[in-house]
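Data block below; observations after.
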Amino acid sequence: MGSLNNEVGSIKCEVGSLKSENSFTKLPSEESLASESKKVTPVSSDFELNCGSLAPTSLSFPAMKFEDDIEIQSPDNSIWESFFADHLEGDFMISSPVRNLPSPQPASSFSSSHNNGNNNNNNYNIYAHRQGIHGQDMMMCSPPRSPLGLYNHPSHKGKGLSPLQKVFNSPNNQFMQIESFNLPALESFLDDDYDKEEDLASSYSTLKVSGTGVAGSSSESFDALSVVPDDLLECLALPSSLSNTSGGFMESLLSDTSAVQVINPDDEIFRTGSIAPLSQQLHQERQQEKQQKQRPVTHARPQQQQIINHNVLVPLAAAPDQEQDSGLQLVHLLLACAEAVSKEDYMLARRYLHHLNRVVTPLGDSMQRVASCFTEALSARLAATLATKPSTSALKPFNPFPPNSLEILKIYQILYQACPYVKFAHFTANQAIFEAFEAEERVHIIDLDILQGYQWPAFMQALAARPGGAPFLRITGVGPSPEAVRETGRCLTELAHSLHVPFEFHPVGEQLEDLKPHMFNRRVGEALAVNSVNRLHRVPVNCIGNLLAMIRDQAPNIVTIVEQEASHNGPYFLGRFLEALHYYSAIFDSLDATFPADSSQRAKLEQYIFAPEIMNIVSCEGPERVVRHERLEKWRRLMEGKGFKGVALSANAVTQSKILLGLYSCDGYKLTEDDGCLLLGWQDRAILAASAWRC
C-alpha cells in the first residue's frame, strides 16, 4: 500500500553568554580524540540487562562490529568525521543500520543548491530553499519552513500517495476545520444487515469518494452501491506480502553483538531464551517473506469464501488500486465513526465499529494496522461511555511501555536502533548543551525524564575528549520511580568513572508537576542546562506554567526541548482524532518502510509504544488523558510567555542530523528548519520538533 505520510519544543540570566551561530563549539579533532582515548580506561564490553529494575545494570554496550572500518567523510567537517567515526562503535552513538555504508556524498550535497561555495567554515545555507512544508497540516501548520539539503530533494520521494494522503492533500480541505466538518451519512449501507451475521459479507457496500476529499462540503456524499461481495472482498483483503522499499536495510541493521533476542511467535514476548541479534531475526523474517513471495497464489475465490464463512480476513493478493480503495474506505469509516461519537450518536457509532471490526487487522499493511489501533480505541471510548456506571478509573492507567523492565529495554532498543527518531532527539539536544557548556569547568544537567539514561553516554564521551580535560559533570535525573532513577544513576556513574569524567548523580523520584526548587540542589558556579525529551506534553495544563517559571528562576544557560510535532490537545474530540490519525499513519508508514513485512519487532513497537498512545488520545478524557502533544508554535508561545528566548540550533546540529539520516537507507525521512528549530519528519509530515531556549 502506498505511503500514509500526509502531514499526519536554555537559559541563563546574566550568568554567561551563548555562542553565536558562527562561533559554535566544535568537537575535538580526530588526532586529539585518539590521543585522549589512550588515557581513558575502556568501557566494559558487557551489557547486562536487569530484570528487576527500569534501567539496565550497565550502560556500556558491546561495540558495534562492522565488516569494514567505516568513516563518515565530510570534507568541510573534519570535527564530525572524528566524532562519528569514534562513536559508530557504540550502541548509544549513531549506530548505523547500514553495514556497508556507501561512499560519502560531496560536501555540496549536504547544503542547499544556493550554497555560497565556502565549505571550510561550516556555513550551511539552510535558508536558501525556504518554503512551506509540502502540503498543509490539517490543524494550521507552522509558518513556512525550509527543507534542508539532500534529504528533501525531489528525487527522494519515498512511496506514493496513500489513501490518507489523498484525503488530507485534497485541493478542497476545508473539512479540516472542525467547525465545518460534516461527513455524509452512511446509513444506507448499514441498514438491514447490522444484526445479521450470515448476510454481512454480501450486504457490505463499497464507498466511493468524491473528487476532492472526504467531505469538502455538505453536498459531497458517498455513493452507496448495492451488493458487490467479490469486489469488496478483493479490495479489503490483505496482500500476501507487502512491498518493501528498504532494500537491503534490515539484513545489516545491527551488529552481531546486539542484545535483542530471538522471539519465537509461540513463546511469550521477550522470552529470555536463545540469544540472537536483531539483524539475524530480521534477516530470517526477510527470508521467510521471500519464500512466501515465490509460492504461487492459488484458489483466491475459496479463500474469499473462507473469509465469509469464518469471519476472518486472511492475506490475499491485491492490486495496488484495490489496496488504495480499501484504504480509502477504512479512512472514511474511521472518520464517520469518530463523527458519530463526537455527536453522541452512539447507535450509529456502534454500527460503524461493527463493520470496522470486520475489515481491520493488526497484521496487514500500515493502513490496516493503524486502522486497527484506532478502531480498538474508539471501541474503548464507546464502551466507557455506554457503561451502566461510567468510571474513568476503570480505564487502565496510561503506560507507554509494558511493565516488565526487560521488555522495556528490548522494545526501546529496537526503536532506538532501527529508527532515527530517538537519536535525532538526543543528539540535537546534546549538541546544543555541549555548545552552551563551552569553557565551563562545572556543569549541571537537569534531565526531566531520565529513563534509562540513553542520552548521556555520548555526551560524556564528548566531554571526555574536550581539550583540557572533562569538566565536573553533575546530572539530576527526574523520573516517577525513585528505584529506577537510582539504578540509572549507578550505571551512569560507572560509565563516567571509566571515562575519567568527574561525575555526580542526583536522583529525584517525583512527577514533574510535584517538583520543588530545592530538589534541583542548585550550586553556585555551575553552568546549568535543563533537558526535556518528549516529556513536557504529559504535564497537566494547570501545572506547566508553574514548572516553566520555576525552571526559568534557576537561571539555566540552555533549555532543550524535543516534542512530538502534533496537536493532540485540542478541545474537540473530532479534531484530536483527525490529527492523531494523520500523525500515527505517518509513523506506521515509516515503520513499514523500515521493517520487513510481518516483522515481529515492528509489531512490538506498534503494540507497546504507539498503540497505547493512540488509545489514550482517543478513548480518554479529563485527567486520564495524559498524551497531550502540542505543535512547535504552541510551545514557542508558551516559552516566550514565560520569559524565554529562542536559541537557533547551530550549523553543526544540522550537519549532525543530516549525517544521522544518511545512515538510514529509507529515503522518506525529512529534515526541516523552522525559525532556528529543527523538525524531523516522514515524507511531508513532521514527527519531532527540537528547540533550544535561554532567558
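The backbone N, Cα and C atoms fix where each Cβ goes, and this holds for glycine too.
Per Swiss-Prot, repeat 'PFTA' is recorded for 105-139.
Under the heading domain 'GRAS', Swiss-Prot lists 321-694.
Residues or ranges marked as region 'Leucine repeat I (LRI)' by Swiss-Prot: 328-393.
Positions annotated as motif 'LxCxE motif' by Swiss-Prot: 335-339. In the predicted model, the motif 'LxCxE motif' (335-339) has a mean pLDDT of 96.
What Swiss-Prot lists as region 'VHIID' is 412-477, and the listing cites sequence analysis.
Here Swiss-Prot flags 443-447 as motif 'VHIID'. Distant neighbours of the motif 'VHIID' (443-447): 433, 437, 455-456, 463, 471-478, 520, 522-523, 526-532, 551, 554, 556; these residues of the same chain sit at least 6 beyond its ends, with a Cβ under 8 Å from one of its Cβ atoms.
Under the heading region 'Leucine repeat II (LRII)', Swiss-Prot lists 487-518, citing sequence analysis as support. DSSP states for the region 'Leucine repeat II (LRII)' (487-518), grouped as helix (H, G, I), strand (E, B) and coil, give 17 helix, 6 strand, 9 coil.
Feature annotation from Swiss-Prot assigns region 'PFYRE' to 528-616.
Per Swiss-Prot, the feature region 'SAW' maps to 619-694.
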Report summary line: Secondary structure of the region 'Leucine repeat I (LRI)' (328-393) by DSSP, residue by residue, totals 52 helix, 0 strand, 14 coil
Query - Per-state residue totals over the region 'SAW' (619-694) - DSSP helix, strand, coil - result: 26 helix, 25 strand, 25 coil
